[in-house]
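Working notes, structure below.
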Amino acid sequence: MIRDRAAISPRATGRSYLPAAGAFALVVGLAAVIAATGVIVTAGGNDQRAFHWPSVLQIRGSFPHLDVVGLNTATGPLYHLAVAAIAGPLGLGEHGTQVVGALFAGCLAGLAVQYARSVPTWYLCALAVAPLLLSAYFWQSALWMLTDDAALLFAMAAMILMIADPTTRGRVAVGVLVAAAIATRQTFVWLLAPAVLSCVDPVRPRHARRATLRDAALVAVPGVVVLAGLIVLWGGLTPPAMRQFNAANPSWTAIAFTFAVAAIFAVPVLAAVADAAAVRAHLAAEIVTGVVVAVPALVFRSTATKFPDDSRRGGVLWTLVGKLPALDGRSPVLAVLAFAGGFACAAVFFVLERRTAVVMAAALVALAVVTAPGSQLYQKYAELPIAMLSVLVIVAVARTGRLSRTWPLAGLATFQFVATAGIVGVPVVRALGG
């Protein structure tokens, strides 16, 4: 049975913001060092040079006449508008503007650390934030100009409020944050699902449906309006310049891919919190979930692609899929990982208190579905939101004392560190040494 309410640690009421401020300073400081060296490497650096820096320059050059249609980027314009608004009056060049862009990543790191301070020990706090703050894709977006961390900052703040069962004012804040995330990366429309479901209270009397509809409108309407406005302006789901690349062909493999990425995080979390009896209690539901999310990898083409087809390559997962055998264009390893991810996620959700479980499940399913309309399945599209959700889940179970063991979480942190060292650290060191 899903637990009804999580206990809150006394540390949750602590007023010291020094750890969060330290996390903010560390991220922005490292970004400033990289910017000062002029190192432009990895996919993050390439995207800065090809898309996001030119978009910021275009906004600065055309001000006060703002053009959000002709930007050479596939994402919403909010990040570029905000960065241009700060960097433009200061007359900053590319490297100074990098540091401005890193402010979003610094705030995200600070938010994660502050939220995780409610767990019983500092060691658990470090393990809780590690899935996100040790992610290669977090650091790519922190060190170079990318929109990912900015959108995730708004998303994480919104998810924290959803879990907390906010007041009317809190629901207004959720609506604004969801709208900001969508205005930054329109694919964050997946936030609408958990936002709406967070308004459904099973113990609310039936005659109070009007209040439920009001709450749902508060959290959903701002985001829907922003998305509709972007679609009208762009004439589609992406800006015209990038439509042929990002929304050309739907890929239902995305559902299996999303849960395969989730396996990287959910399996260690499950190993940390659940015993055999807890897993067996809902075994049928867990198996069915795993099978359902694995099916797309067996029905649709799910092998990794090679350059110049960039739709399914890059990242640890596609590298693994590309090195292992395939059957008629279908990847057995992707199907197995998707099953493991679906199974583990379902098992973990049954450990959580009811409200948190519903919000988390809605977010993950919506993320998988929203990823499908685009043909490009890059690991960062799934990993960053899932890493953020992992932080919230680990904090939730740690608060209740349900963590039976910490070594699986330490293993996850080690995996993230090694992957980040290879994807981000090694290219930076080579560039500095060359």
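Every residue number used here counts from 1 along the chain in the order it is shown.
Cβ atoms are placed via backbone N, Cα and C, with glycine included.
Per TrEMBL, the features are:
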| type | residues | note |
| --- | --- | --- |
| TRANSMEM | 21-43 | transmembrane segment |
| TRANSMEM | 63-87 | transmembrane segment |
| TRANSMEM | 99-115 | transmembrane segment |
| TRANSMEM | 121-139 | transmembrane segment |
| TRANSMEM | 146-164 | transmembrane segment |
| TRANSMEM | 176-200 | transmembrane segment |
| TRANSMEM | 212-234 | transmembrane segment |
| TRANSMEM | 254-274 | transmembrane segment |
| TRANSMEM | 281-300 | transmembrane segment |
| TRANSMEM | 333-352 | transmembrane segment |
| TRANSMEM | 381-398 | transmembrane segment |
| TRANSMEM | 410-432 | transmembrane segment |
Apart from its near flanks, which chain residues at least 6 from the ends of the transmembrane segment (121-139) lie with a Cβ under 8 angstroms of it? 19, 23, 105, 108-109, 112-113, 148-149, 265, 379-380, 383-384, 387-388, 390-391, 394-395, 398, 403, 406, 409-410, 412-413, 416-417, 419-420, 422-424
If we skip the immediate neighbours and take only residues 6+ beyond the ends of the transmembrane segment (410-432), which ones have a Cβ under 8 Å from one of its Cβ atoms? 34, 37, 39-42, 44, 126-127, 130-131, 134-136, 139-140, 143, 264-265, 268-269, 316
Ranking 99-115, 212-234, 254-274, 381-398 by Cβ pairs under 8 Å to the transmembrane segment (333-352), which is first? 254-274
Who are the chain neighbours of the transmembrane segment (281-300) in space, where the CB to CB distance is under 8 Å and they lie at least 6 residues beyond its ends? 251-260, 330-331, 334-336, 338-343, 345-347, 350, 368
Cβ-based contact of the transmembrane segment (146-164) with the transmembrane segment (254-274), 3 or more pairs under 8 Å: no
Leading stretch by Cβ pairs under 8 Å, where the reference is the transmembrane segment (176-200) and the options are 212-234, 254-274, 381-398: 212-234
Assess whether the transmembrane segment (381-398) lies in contact with the transmembrane segment (99-115), where contact requires at least three Cβ pairs under 8 Å among residues 6 or more apart in sequence. yes
Intrachain residues whose Cβ lies under 8 Å of the transmembrane segment (63-87), provided they are six or more past its termini: 50-52, 54-56, 96-97, 100-101, 103-104, 145, 147, 150-151, 180, 182-186, 226, 230, 233-234, 238-242, 245-246
